[in-house]
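Colleague: Pulled the feature table from Swiss-Prot, pasting it below:
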{"type": "BINDING", "residues": "Cys37, Cys38, Cys102, Cys132", "note": "[4Fe-4S] cluster binding site"}
Amino acid sequence: MAIEGVLNEGFVTTTADKLINWTRTGSMWPMTFGLACCAVEMMHAGASRYDMDRFGVVFRPSPRQSDVMIVAGTLCNKMAPALRKVYDQMAEPRWVISMGSCANGGGYYHYSYSVVRGCDRIVPVDVYVPGCPPTAEALLYGIMQLQNKIRRTNTIAR
């Protein structure tokens with residue numbers, strides 16, 4: 001958080017936008033939407049070796065408690081309405097991370113009749129994490145990119 005000025009009396013001044021965005025980046029609660037093998041890497045990123053808790057990332061089981069959705073794996077046509085329904089149940093502000101080649105653009109199954117060619121056709125995606133499957137480090141980098149994106153947004157309308 002950028003501090004605008006520190007006064008001699010011990011006060012810290014900053015803008016409300018920067019304060020709100022600082023709290024949002026330090027307490028991101030993702031809801032996992034694991035569909036295929038990328039979900040294993042997502043679980044690996046949440047385990048003790050990578051420990052996403054140090055970034056303020058705590059996995060939540062309910063869409064009403066989460067503000068980030070991680071779509072990991074192959075999205076089929078049959079699962080697309082469920083993805084949209086879960087996304088609509090999330091409270092604002094909400095963000096989406098697309099994890100893996102299949103979630104990004106269909107991946108290996110791109111030409112299959114039953115595969116959605118990218119989850120961005122169903123929900124708006126903020127960060128794309130490439131790979132088949134992407135490593136836990138790649139997901140952590142994607143989370144850091146999302147935190148940078150949140151820091152740059154204007155929260156309070158002017």
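Note: Cβ is positioned from N, Cα and C throughout, glycine not excepted.
Describe the structural context of these features.
Modeller: Residue environment of Cys37 ([4Fe-4S] cluster binding site) contains 14 other Cβ atoms, counted within 10 Å of its Cβ in all protein chains.
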Colleague: For the recorded [4Fe-4S] cluster site, whose residues are Cys37, Cys38, Cys102, Cys132, find every other residue on that chain with a C-beta no more than 8 angstroms from the centre of their C-beta atoms, and list them by sequence position.
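Modeller: Along the chain, the qualifying residues are Ala36, Glu41, Ala72, Gly73, Thr74, Met99, Gly100, Ser101, Ala103, Gly107, Gly131, Pro133, Pro134.
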